[in-house]
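Asker: Pasting a structure here, questions to come.
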Amino acid sequence: MKQGELVPVSEMARRLGVTRERVRQMILEGKLEGVRLGRYWYVREREGGRLRRVYTFFTHAGGAGKTSLARDLGFELARRGFRVLLVDTDPQANLTSWLGVREVAPEETLLHLVDTGQLPTPRRLSEWGLDLIPASLDLARVEVRLMQRPLSTLLLRTALRKTEGYDFVLIDSLPSLGHLAALGALAGDGLLVPVETSVKGVEALVGVMEAAQEYREALEQVDPRVPRSFVRLFIPTKFDARTLGDNRVLEKIAGLEDLAPVASPIAYRPGPHRRATERAVPLQLVGDRQAREEVERLTEEFLQRVVAQDAAREGVLEEVAE
């Protein structure tokens, strides 16, 4: 962009999940460029366009709900007017198929990135208001190629930094600690970690936290702005409030607040999730009010406790006052 676009106060506040009062404060502090036109104030976006955030859903434990969360959070953000790109890095391609995409050529996947250094052209999913870089079994070949090339796990991060036109990029990482998982994890501003409210879920956190620290240390060599905790949000999943065991595990997960925010739990709802998978639609569209409200609540917590905090920490809130 030559000169930043002028955006109304309410629109910028909505984009970042902050109040207009917070926007006014940023203008008064001189951190924003406010422009008055008649009775109304606008903010001029910085050169380079809209604020883009990249987050990776990550855990090496299968069955924690990582892929469905990526699908549903992405759809909810798109419904609110954000421009969203989903990236499927898992050769099992569950995110791809759960959004109704069946036939995928190798050059449409991240195999194209590893071969050429360029992102493939995303698929436009007009029905959901999303863009998707899909996956297929061909993506399994990437693991070996990444092992043979030094620093290749930063390819996706580098390519996404050059990509314009999105407010959010959400990456669905495969349940692994290998090179392909690292490609997805290192691409983001941080990790969104689903934690099943079970003994297995808590035990898996040890490996997740060790990997997160290693990723952070690696990124610190190329980007000094990496946050102290590379985990940006813990999301308790498959929670059954009726069981003593789940409630005890939830208490343990709540104790992680010193490391990163802990979202409200996502309940165990096998029926709605099965219908969403069978119909290849986001969870919000299967007619279960409680499931829809949980995703809406998670989205609010994500915007308030992760996105707004990250933007404030970096001092790049690009919003407006009225």
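Placement of Cβ uses the backbone N, Cα and C atoms for every residue, glycine included.
Just so it is clear, the model here is predicted, and its values are computed rather than measured.
I grabbed these lines from Swiss-Prot:
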type	residues	note
BINDING	His60, Ala61, Gly62, Gly63, Ala64, Gly65, Lys66, Thr67	ATP binding site
Asker: Could you tell me which three-state DSSP class Thr67 (ATP binding site) falls into?
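Answerer: Reduced to three states, the DSSP call for Thr67 (ATP binding site) is helix.
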Asker: Can you list the residues of the same chain, besides His60, Ala61, Gly62, Gly63, Ala64, Gly65, Lys66, Thr67, whose Cβ falls within 8 Å of the ATP site's Cβ centroid?
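Answerer: What remains near the Cβ centre is Thr59, Pro175, Pro194, Glu196.
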Asker: Name the residues of the same chain, 6+ apart in sequence, whose Cβ is under 8 Å from the Cβ of Lys66 (ATP binding site)?
Answerer: Phe57, Phe58, Thr59, Asp172, Ser173, Pro175, Pro194
Asker: Neighbour count, 10 Å Cβ-Cβ cut-off, for Gly62 (ATP binding site): what number do you get?
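Answerer: Gly62 (ATP binding site) is surrounded by 14 other Cβ atoms within 10 Å.
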Asker: For the binding-site residues Ala61, Ala64, which Cβ has the most other Cβ atoms within 10 Å, all shown protein chains included?
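Answerer: Of the binding-site residues Ala61, Ala64, the most buried by Cβ count within 10 Å is Ala64.
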Asker: Are there any residues in the same chain, six or more apart in sequence, whose C-beta is under 8 angstroms from the C-beta of Gly65 (ATP binding site), and if so which?
Answerer: Pro194, Glu196, Ile235, Thr237, Lys238, Ile266
Asker: On a simple 10 Å Cβ count over all chains shown, which one of the binding-site residues Gly63, Thr67 is most densely packed?
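Answerer: Checking each of Gly63, Thr67, the winner is Thr67.
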Asker: So, three-state DSSP: helix, strand or coil for Ala61 (ATP binding site)?
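Answerer: Coil, per DSSP.
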